[in-house]
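Swiss-Prot has this to say about the protein:
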type	residues	note
SIGNAL	1-25	signal peptide
DISULFID	Cys49-Cys100	disulfide bond
DISULFID	Cys62-Cys89	disulfide bond
DISULFID	Cys90-Cys132	disulfide bond
DISULFID	Cys102-Cys139	disulfide bond
Amino acid sequence: MARFSIVFAAAGVLLLVAMAPVSEASTTTIITTIIEENPYGRGRTESGCYQQMEEAEMLNHCGMYLMKNLGERSQVSPRMREEDHKQLCCMQLKNLDEKCMCPAIMMMLNEPMWIRMRDQVMSMAHNLPIECNLMSQPCQM
């Protein structure tokens, strides 16, 4: 009987030694960092600019100001003067991060309604931040 006890004890020790690596389960945590490249310098990325642009009502007054400059009066609020739209446009642009002004204007011009007028309006649009005294250089579009 003592012999069986020694055999069982030895088997138990071997079993514990064999299971030791299994019971020492290690946990590996992988941390992934995504660095989003921002082509517009510091501040928010283009998607952040789009969010700001949405908050600025898609620069609707800038669009109306540009349309009035083109003589597109039928599509624009007849009650507001061109100068009123310009002032409101400047307020909308001022609410954007400086790095988002030009990308937001470009996003506005990528809207379907601007496709047929894009060439005509491009030169006026890239000067909007200058007209509003918000930047010293025109937007590079």
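The backbone N, Cα and C atoms fix where each Cβ goes, and this holds for glycine too.
Distribution of Swiss-Prot features across the structure.
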residue: Cys49; record: disulfide bond; DSSP (3 states): helix
residue: Cys62; record: disulfide bond; DSSP (3 states): helix
residue: Cys89; record: disulfide bond; DSSP (3 states): helix
residue: Cys100; record: disulfide bond; DSSP (3 states): helix
residue: Cys132; record: disulfide bond; DSSP (3 states): coil
residue: Cys139; record: disulfide bond; DSSP (3 states): coil
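Around Cys100 (disulfide bond), taking its Cβ as the centre, 24 other Cβ atoms fall within 10 Å, counting all chains. Here Cys90 (disulfide bond) is positioned 16 angstrom away from Cys49 (disulfide bond), judged by their C-alpha atoms.
Annotated pair Cys89 (disulfide bond) and Cys132 (disulfide bond), C-alpha to C-alpha distance, rounded: 8 Å. Ranked by CA distance from Cys100 (disulfide bond), the disulfide-bonded residues Cys62, Cys90, Cys132, Cys139 have Cys139 at the top as the closest.
Within 10 Å of the C-beta of Cys89 (disulfide bond) there are 23 other C-beta atoms, taking all protein chains into account. Counting only the Cα atoms, the space from Cys90 (disulfide bond) to Cys102 (disulfide bond) is about 13 angstrom. Counting in whole angstrom, Cys62 (disulfide bond) lies 12 from Cys102 (disulfide bond) by their C-alpha atoms. Distance between Cα atoms for Cys102 (disulfide bond) and Cys132 (disulfide bond): 13 Å, as a whole number. Put simply, Cys132 (disulfide bond) is 13 Å from Cys139 (disulfide bond) when counted between their Cα atoms.
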